[in-house]
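J.: Provided herewith is a single structure, encoded as structure tokens, for subsequent inquiry.
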């Protein structure tokens, strides 16, 4: 299925969860936050949150900032 | 007490002059932003030299974020993290970002920043107050970055913000405190801590903020973009301490004419 991750079209397995996607995309960050279609997905819900075609996901990590 | 004993005594008094945000006590009145920092080594040196206990960080898409080691450096320095909502333009974006930051950093504290445009980076008062009300209702500890408008400052405090953080001048401008009168008025009008945030260019600006009655100063660019960030961090630390001491000591009134400090009594006729 196709979803949008951080603004990019991304192909995923049909049964992919948020946890799968974070594992693939978090790049060594452990303090990561995820928004699915404009709502926060708490870390505890990542393994049980299945993705659907057309979903929009933001995977965010800490950076420097004022 | 001799002069040589007085100075250490005052230094101890300064050290025992903490301030409190939402029940958390800080002995350093300097908050440091990490934005613009050239390297992790510089960040660590600046954080340590500043003596800060509260450091701002941001959230970005994972591909564009700093290496995970930035947080290792900050953890090693033992500072508390204050996530911001930098770049948000609406209350909706800011509230969502604050909730994401709570997930990522495990803190309910947030530096709430809602800007009106990317040219001035000035706060959008309407969206800011809306976001502050939503986040306070949500259980967040909100430190609100705001304009130097005393009335808006009061509205934010009334909305339940844990601290009100007026700008001295636009973010990153280094123009200092453009309206000291407003900062002093804002300070008088609220019961929560007031943190001068944004516009600090050099040490005298930070000292002025404290002399005007601010409880603390938050700055980033003035240190991270200085030629020598570590040395400027130390300068800011001492300026904040000096300004705070001067405020506590009570400055002399401004006079139109001179007032001699040396008595005219007994002046010889020569």
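Every residue, even glycine, has its Cβ placed from backbone N, Cα and C.
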J.: Can you tell which of B:172, B:242, B:243, B:250 TrEMBL lists as binding 1-deoxy-D-xylulose 5-phosphate with B:198, B:199, B:220, B:221?
T.: B:172
J.: Could you check the binding-site residues B:199, B:220, B:221 and tell me which sit with their Cβ under 8 Å of a chain A Cβ?
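T.: It is B:220, B:221, listed by sequence.
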J.: Counting Cβ neighbours within 10 Å across all chains shown, tell me which of the binding-site residues B:172, B:199 comes out on top.
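T.: Result of the Cβ crowding comparison: B:199.
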J.: How would DSSP class residue B:198 (1-deoxy-D-xylulose 5-phosphate binding site) in three states?
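T.: In three-state terms, residue B:198 (1-deoxy-D-xylulose 5-phosphate binding site) counts as coil.
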J.: Measuring Cα to Cα, how many Å separate residue B:199 (1-deoxy-D-xylulose 5-phosphate binding site) from residue B:111 (active site, schiff-base intermediate with DXP)?
T.: 16
J.: Comparing the binding-site residues B:198, B:220, which residue's C-beta has the most other C-beta atoms within 10 angstroms in this structure?
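T.: Neighbour-count leader: B:198.
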J.: Could you tell me the mean pLDDT over the domain 'Thiazole synthase ThiG' (B:20-262), as a whole number?
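T.: A mean pLDDT of 95 is what the predicted model shows over the domain 'Thiazole synthase ThiG' (B:20-262).
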